[in-house]
Amino acid sequence: MSIPQGAYQPDLPGVPPWLNKGDNAWQMTAATLVGLQSMPGLVILYASIVKKKWAVNSAFMALYAFAAVLICWVLVGYRIAFGDKLLPFWAKGAPALGQKFLIGRARMPETTHYFSDGTTVESLMHEPFYPMAAHVYFHFTFAAITMILLAGSVLARMSIKAWIAFVPLWLIFCYTVGAFSLWGGGFLYHWGVIDYSGGYVIHLSAGISGFTAAYWVGPRLKSDRERFPPNNVLLMLAGAGLLWMGWSGFNGGAPNAANVAAPLAVLNTNISAATSLLVWTTLDVFYFGKPSVIGAVQGMMTGLACVTPGAGVVQAWAAIVMGILAGSIPWFSMMILHKKSTFLQKVDDTLAVFHTHAVAGLLGGLLTGLLAEPSLCSIILPVTNTKGAFYGRSGGILFLKQIVAALFIIGWNIIATTLILLAIRLFIPLRMSDEQLMIGDDAVHGEEAYALWGDGEKYDPERHGWQGSASPPETTQTGFVNGARGVTVNL
């Protein structure tokens, strides 16, 4: 009889009795998928969706955030979000670097949930069947993508030095509050609020903080606001594709187990994204007379953001409902309401993060309060008998809780982001100089994305100095204006 070798020997120290290899493998895979959403997904998307002169700067802001968040996360951030309680919305910070801590079983110490008497346990402490290192890394990827989504609001004018200072401060004083409150055993977690995978913690936070940051940083140059075409639409689609496919890890990894909720969440995620993309495109054709690739990507994003807070607790038909509303309500807020609101036009949200993430994330959280299915809720939630308003009169309580939680996240993000930026402004200008804004990447980084002329427009001999008998045919290009599509420029 042959003797088992390597990982298949009995009683291995690297395979403790509590370890579930399937859960462990899936969690690491899911974490990698979410990481790929940011690096290279959003790096590529940001580099290609902006005007050519800002391609390098936009990509670098995302690249820096991914690296800086990881170091801050393991030094202090993870345990503020998932450690021992300090305040109802914040845990005690400590490093997550020790070997004993990282290879031990994952546990969230403040997630033991008690009945109203305060002594009888209703739900045991959440202890996934994989090592702490997998949990630390998985939630790092969530923190990183939140930071990078926020960056979309301030592209093409925020000082890179101010951004370098902003990232660790926002992670510690803003992101961790939402994460602990809703996931780590904070007051909203024990109150029974549902944020399955980050509709509030990630999308609402990124959209509100991004909009607030855009207000304080100030606008782009007038010329950039009026004309901001993507420099590479096809590359933009590659980044969007990584974002969409990576979302299977985003929502599929949220149950912290390879259980029945994970594949349901993955299916619901894709259903909502596809439905929203189709609805957004249909509205574009109806209103503008033609489909837009940029619009399709925005519809995809709103569908993904909307389903995220309820992906594992709603039925598949509900995911279609979420997709329909995600493709229409944010479309209306961006294309119609934005143009009629003086305030929304005043704040220069470069990539419309407020509409695609804050509006969509809030919408998803509220819809979860209506559509959360009781038996699905019982699989992953600490509060028993949780259900959406459509499943019984008592379900209306959940909807009210979802509203209150959203107001808390909105208020905290506005206040904390404002204080952080005002503090940074005392030492570093938040906005680049006008000279840097005129030149772009070459002035900020000494590098350019392409050794070519133009800002994504087709070659024009009159504008680019070429003298010849033939002129290129006229074409059109759709860009972002004040963060919203809607101006077509003839080139």
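The backbone N, Cα and C atoms fix where each Cβ goes, glycine too.
Where the annotation comes from TrEMBL, it is an automatic prediction and has not been curated.
These numbers come from a predicted model, not from an experiment.
Pulled from TrEMBL:
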type: DOMAIN; residues: 25-450; note: domain 'Ammonium transporter AmtB-like'
type: TRANSMEM; residues: 25-47; note: transmembrane segment
type: TRANSMEM; residues: 59-81; note: transmembrane segment
type: TRANSMEM; residues: 136-156; note: transmembrane segment
type: TRANSMEM; residues: 163-188; note: transmembrane segment
type: TRANSMEM; residues: 200-218; note: transmembrane segment
type: TRANSMEM; residues: 230-248; note: transmembrane segment
type: TRANSMEM; residues: 260-280; note: transmembrane segment
type: TRANSMEM; residues: 292-311; note: transmembrane segment
type: TRANSMEM; residues: 317-337; note: transmembrane segment
type: TRANSMEM; residues: 358-383; note: transmembrane segment
type: TRANSMEM; residues: 403-428; note: transmembrane segment
CB contact flag for the transmembrane segment (358-383) and the transmembrane segment (136-156), at least three pairs under 8 A: no
Local confidence of the prediction over the domain 'Ammonium transporter AmtB-like' (25-450), expressed as mean pLDDT: 95
Outside the transmembrane segment (403-428), six or more residues from its ends: residues with CB under 8 Å to it: 89, 159, 161-162, 165-166, 169-170, 173-174, 177-178, 181-182, 188, 191, 193, 195, 200-201, 204-205, 208-209, 212-213, 216-217, 362, 365-366, 369
In contact by Cβ distance (the transmembrane segment (136-156), the transmembrane segment (200-218); 3 or more pairs under 8 Å): yes
Same-chain residue ranges lying at least 6 outside the transmembrane segment (230-248) that approach it to Cβ under 8 Å: 30, 33-37, 40-52, 55, 266, 269-270, 273, 293-294, 297, 300-301, 304, 449-450, 455-456, 479
